[in-house]
Amino acid sequence: MANVVVVGAQWGDEGKGKVVDIYTEHADDVVRYQGGNNAGHTLVVGEEKVVLHLIPSGILHEGKRCIIGNGVVLDPEVFIQEITRLKDKGRLKDDRALLVSESIHIIMPYHKRIDIAREAKSGEKKIGTTGRGIGPTYEDKIGRRGIRLMDLLDRDVFARKLKENLEEKNVILEKLLGDKPFTFEEIYEQYCGYADILRNYVADTSLILYNDSKAGKKLLFEGAQGTLLDVDHGTYPFVTSSSTCAGGACTGTGVSPRDIHEIIGISKAYVTRVGSGPFPTELLDADGEKLRQVGHEFGATTGRPRRCGWFDAMVVRYAVRVNGLTGVALTKLDVLNDFETIKVCTGYTFEGKPLADLPANLAVFEKCEPVYEELPGWMSDISGARTFEELPEKAKSYVKRLEQLIGCPIVLVSIGPRRDQTIIISNPFQDKV
């Protein structure tokens, strides 16, 4: 038995969806544990491209149970839209193959309006929110004002909580943000309609996962975003609002830490970031644009162009430490095919002095200078390789050097968007990483 957590080891968009899709073959349950529809997973199945924002990637596999845990925040409208699209494609034939925690917090229309209005008023201090209402929903969760799915299913409880929230939210919208308020009626009936559909998917998911793990079933936990976007361990305040690190898999599902056996971090062979915040290896030249175009670096959720830079070993080494990574899956190695020289950041300096680790102080992080090591490129198409030995020597040397720098074994190498364009060195469900 092995229960595996998959986390992003950089600033998100590392290719977790593809890796989760591959690992799903070996799992019984696939579980989302944090975030919301602010993150997109892009999967390529045969000739079919599927983008999911809420539903776990495992939904494309027959016979797997997909679970959305209590640590996620749920937009009912988006959730229902994804279900409809999947059913239109002939997927999700059994509704009970997809379960949602009864304790999950619900994204309300006022959350989205507040999110957008705040960002509009931020000027140069923009965080880079997707405007999906994720942050304000987590605020209400922590402030104990949130509306959970179990509340939504009880019309009387929902009505009371909605009225209480609107008294406060309308003041914020009108007086502080200069936006229009909501009426009770326009939200209540719409969300009661959502509740009638959601009722088919509600469950005590923590208990289900406990029983499945106890019975020897294999659990796969699918993280969203990345380590450097974690609300506690990321580049605060340029972070998301949830726990993206491996610890979030426990708090976001109700699964015991003792029931987590392997933790795999996903990292691109270079690095990208969306939105504002420090990014020491960012490339603002032709190399950065080349990475963006060849790697199709545009957000699955927002369509925004991603900032691109050379691989940052400091970032991934930090992810190894705070997550307790047992292995790293390296994605998009093929994007580097046509670079004669590839740079790798091995460390930072601040005011001329080397730093031992990532600085927590944002003002320091923004002024860090990367220390680079240059490696020769392989200048050939590697997308046809199916074993590590089939890669060009210079490509193998690049992977091995990254492994040395991050202090963690690389267990998978992705060399293209398709599932078969993957080199599995070690499988966390079958091998001891």
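Note: Cβ is positioned from N, Cα and C throughout, glycine not excepted.
These numbers come from a predicted model, not from an experiment.
Annotated features, as they stand in Swiss-Prot:
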type	residues	note
BINDING	12-18, 40-42, ARG306, 332-334, 414-416	GTP binding site
BINDING	ASP13, GLU14, GLY15, LYS16, ASN38, ALA39, GLY40, HIS41, THR130, ARG144, GLN225, THR240, ARG304	IMP binding site
BINDING	ASP13, GLY40	Mg(2+) binding site
ACT_SITE	ASP13	active site, proton acceptor
ACT_SITE	HIS41	active site, proton donor
BINDING	ALA300, THR301, THR302, GLY303, ARG304, PRO305, ARG306	substrate binding site
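Features per Swiss-Prot, on structure.
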residue: GLY12; record: GTP binding site; DSSP (3 states): coil
residue: LYS18; record: GTP binding site; DSSP (3 states): helix
residue: GLY40; record: IMP binding site; DSSP (3 states): coil
residue: GLY303; record: substrate binding site; DSSP (3 states): coil
residue: LEU333; record: GTP binding site; DSSP (3 states): helix
residue: ILE415; record: GTP binding site; DSSP (3 states): coil
The binding-site residues listed are GLN225, THR302, ARG304, PRO305, ARG306; by CA-CA distance, the one closest to GLY12 (GTP binding site) is GLN225
For LYS18 (GTP binding site), the close recorded positions (Cα within 10 Å) drawn from HIS41, GLN225, GLY303, PRO305 turn out to be HIS41
Compared by Cα position, which of the binding-site residues GLY15, ARG306, ILE415 is the closest one to THR130 (IMP binding site)? ARG306
Tell me, which binding-site residues from GLY15, THR302, PRO305, ARG306 are within 10 Å of ASN38 (IMP binding site) if we use the C-alpha atoms? THR302
Which of GLY12, GLY15, GLY40, PRO305, the listed binding-site residues, has fewest other Cβ atoms within 10 Å: PRO305
Give me the CA-CA distance between THR302 (substrate binding site) and GLY40 (IMP binding site), in Å, as a whole number. 9
Candidate with sparsest Cβ neighbourhood (10 Å radius) among LYS18, HIS41, ARG304, ARG306, the listed recorded positions: ARG304
Of the binding-site residues GLY15, PRO305, ILE415, within 10 Å of the residue listed as 'active site, proton donor' (CA to CA), in sequence order, we find GLY15
Close in space, distant in sequence - ILE415 (GTP binding site), Cβ under 8 Å, 6 or more apart: LEU333, ASP334, ILE382, SER383, ALA385, LEU391, GLN421, THR422, ILE423
